[in-house]
Amino acid sequence: NLFQFAKMINGKLGAFSVWNYISYGCYCGWGGQGTPKDATDRCCFVHDCCYGRVRGCNPKLAIYSYSFKKGNIVCGKNNGCLRDICECDRVAANCFHQNKNTYNKNYKFLSSSRCRQTSEQC
């Protein structure tokens with residue numbers, strides 16, 4: 001669920017880091033359209049696409065098991081859609097960490113008018 005996703009992000013990037021990714025670029029936060037602005041925004045685009053492929057439960061609400069082992073996110077013994085959601089969140093949190101140097105403060109709270117290009121397909 002989104003709370004667990006936030007904990008994954010904070011675990012990879014430090015306490016309260018999740019706030020950097022709420023309303024960032026064209027895809028981080030609720031909804032999304034246009035072309036991702038940078039590698040960080042692309043992490044959110046890929047995460048949105050991943051959630052869109054999940055069947056059988058609500059990715060934003062379903063609770064799955066996971067843990068941190070030596071700084072790595074490890075999805076637990078989830079089945080079906082819970083496993084899929086955990087993997088979506090794990091990959092995105094790792095993506096934010098791998099691309100933290102692309103983070104651009106100018107894309108925080110970006111106006112939706114800057115995201116009007118034709119949206120990419122997943």
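Using the three backbone atoms N, Cα and C, a Cβ is placed for every residue, glycine included.
Close to H47 (active site) in the fold, though at least 6 residues off in sequence, lie Y27, C88, D89, V91, A92, C95, each with a CB less than 8 Å from its CB. According to Swiss-Prot, the feature active site maps to H47 (among others).
Under the heading active site, Swiss-Prot lists D89 (among others), citing a curator's inference as support. According to its DSSP assignment, D89 (active site) is helical.
With a cut-off of 8 Å between CB atoms and residues at least 6 apart in sequence, the same chain places nothing near G31 (Ca(2+) binding site). Mapped onto three states, the DSSP output places G31 (Ca(2+) binding site) in coil. Summarising the annotation, Swiss-Prot assigns Ca(2+) binding site to Y27, G29, G31, D48.
Residues or ranges marked as disulfide bond by Swiss-Prot on the basis of experimental evidence: C26-C115 (among others). Reduced to three states, the DSSP call for C26 (disulfide bond) is coil. For C26 (disulfide bond), the Cβ neighbour count at a 10 Å cut-off comes to 26, with all displayed protein chains included.
Per Swiss-Prot, disulfide bond is recorded for C28-C44 (among others).
Every protein chain considered, the tally of other Cβ atoms within 10 Å of the Cβ of C95 (disulfide bond) stands at 18. Annotated disulfide bond per Swiss-Prot: C43-C95 (among others), in sequence order, evidence recorded as experimental evidence.
Swiss-Prot lists C49-C122 (among others) with the feature disulfide bond. A helical conformation is recorded for C49 (disulfide bond) in the three-state DSSP classification. Residues near C49 (disulfide bond) in space but far in sequence (CB under 8 A, at least 6 apart, same chain), listed by position: C122.
Marked as disulfide bond by Swiss-Prot on the basis of experimental evidence: C50-C88 (among others).
Under the DSSP three-state reduction, C57 (disulfide bond) is assigned to coil, being neither helix nor strand. Counting Cβ atoms from all protein chains shown, C57 (disulfide bond) has 16 others lying within 10 Å of its own Cβ. According to Swiss-Prot, the disulfide bond annotation covers C57-C81 (among others).
The number of other CB atoms found within 10 A of the CB of C75 (disulfide bond), across every protein chain shown, is 18. The feature disulfide bond is assigned by Swiss-Prot to C75-C86 (among others), with experimental evidence given as support.
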Counting distance between Cα atoms, which of the disulfide-bonded residues C26, C28, C115 is nearest C75 (disulfide bond)?
C28
Using the recorded Ca(2+) site (Y27, G29, G31, D48) as reference, state which further residues of the same chain have their Cβ within 8 Å of the centre of those residues' Cβ atoms, listed in sequence order.
C26, C28, W30, G32, C44, F45
Where among the recorded positions D48, D89 do you find the Cβ with the fewest other Cβ atoms within 10 Å?
D48
